[in-house]
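Each remark here refers to the structure printed beneath this line.
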Amino acid sequence: MAAKDVKFSTDARDRMLRGVDILANAVKVTLGPKGRNVVIEKSFGAPRITKDGVTVAKEIELEDKFENMGAQMVREVASKTADLAGDGTTTATVLAQAIVKEGAKSVAAGMNPMDLKRGIDLAVEAIVKDLKAHAKKITSNDEIAQVGTISANGDSEIGRFLAEAMQKVGNEGVITVEEAKSLDTELEVVEGMQFDRGYVSPYFVTNSEKMRVELEDPYILIHEKKLSGLQTMLPLLEAVVQSGKPLLIVAEDVEGEALATLVVNKLRGGLKIAAVKAPGFGDRRKAMLEDIAILTGGTTISEDLGIKLENVTLSMLGRAKKVVIDKENTTIVDGAGAKKDIEARTQQIRLQIEETTSDYDREKLQERLAKLAGGVAVIRVGGATEVEVKERKDRVDDALHATRAAVEEGILPGGGVALLRATKVLDGVKTANADQKAGVDIIRRAIQVPVRQIVQNAGDDGSLVVGKLLEKDSYSWGFNAATGEYQDLVQAGVIDPAKVVRTALQDAASVASLLITTEALVADKPKKAETAAAPAMDY
């Protein structure tokens, strides 16, 4: 086992604080509408330019192991806030730095760290209640666009695209962000259920100009296994031909004799038919086939359920108004499934989302939910250079999370004002002793820091602005750093999602409290490089 280096009390906290400062100082320059860029070197390709706090935080690794511990703890604040709320990472970092700085001073002055932590917790609890009480639910499209614009560092085009996407696919719908190959940013909305499997054979194509299959009012056969022989399917195919409707086959695979026969029949014009592979793998494939069955009002043909292919009747097949299949995707529009069945299925998926601990599973479940409940919107972000596209894509991702958070818990005045106004609530917090009161005061000073930093980044005097704001009693009256004016921020469209502000404060206080109550640090001692032996001189 490697030898360890151990640091105690003030020495330990000072080292950690240095790391916290290095990371937070690099992140906080990005805060606000006039936040600056940070350029990050990449081991290959052009450097990356970003205004996204968590991206900067994730890139910072310090040489000194004890300083690095402090930096990594604050990086954890940014990552956690990004995971929960999707935005507010810079605010969380700035708050954490302020709480740790003030807390370390108090501990050095001889106060009890555990009482300080208790005071911090009481203050945060009171502020969270105040934020929830003042949060305003958002209903209009304009408000959603405003949230998106603010989170995208004032880019109104991004805000407009997000509002349009959310209007079209609903709050449950999936909105994905991709890099475009052109200069323009565009929005594409896929109505109905889409999955990433194209036609098995190009011979099924009905629209040769666009190279895609279009089936109007088709029957849909959902089969769990491979189809290689057609003998067992003949009774069903005859029934479909007599009905005069097209048929879509969704199966694990269609191969050999089955595929050849279907293609020949399609080319001769006797049978309007197309086949696609089932989406997903393993258990997820079963679940997705079940989703398709519920959406189209059909039954999954599975050996597990004791249903054999030769016994399948038309009533077991799904129906849809239209199916469009291209080389890569299949879209089922307006499935004939019963509304109550679809709602029951979406409720079941929501429960699974709440219970799962895996981020990957959660993402896949949310995709399935969106396909059943709403639709899918794709925002393709354009730009003149690759660096610009990447930077814009970062901002669109941030803005997307922020708008979702705003719909969930409502909005507050932006510009750090909601936290600043919460200083009044702290006057009523009851504490058991002087050290706990000092903990409350640490938060009182820390929640002024975001406003100061936003103003400072805009080139004005932070202390002066904070003083002016505290003189005036109106909750949403604040300083608009983008224009340099004092005004009602909600009316001016400078708004923050309540969830983002709340999460930033809670995460910052949680990690900062841990740093304040730290008394020892343990790290591996750096290994001394062994010098190579000199070559023998026997010549």
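We number each residue from 1, going along the chain as drawn.
The backbone N, Cα and C atoms fix where each Cβ goes, and this holds for glycine too.
The model shown is predicted, which means the values in this text are computed figures rather than measured ones.
Now, the feature entries from Swiss-Prot:
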- 30-33, Lys51, 87-91, Gly415, 480-482, Asp496: ATP binding site (BINDING)
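According to DSSP, Asp496 (ATP binding site) sits within a strand segment.
Cβ environment of Gly415 (ATP binding site): Gly32, Val451, Ile454, Gly478, Phe479, Asn480, Ala481, Leu489, Val494, Asp496 lie under 8 Å away, each six or more residues apart in the same chain. Contacts of Thr90 (ATP binding site) defined by a Cβ separation under 8 A and a same-chain sequence distance of 6+ are given as Val27, Lys28, Thr30, Leu31, Gly35, Gly53, Ala78, in order along the sequence. The binding-site residues Gly32, Gly88 differ in how many other CB atoms lie within 10 Å of their CB, and the one with the most is Gly88.
Listed binding-site residues: Thr30, Asp496. The one with the lowest count of other Cβ atoms within 10 Å of its Cβ is Thr30. Summary: among the binding-site residues (Lys51, Ala481), the fewest other C-beta atoms within 10 A of the C-beta are counted at Lys51.
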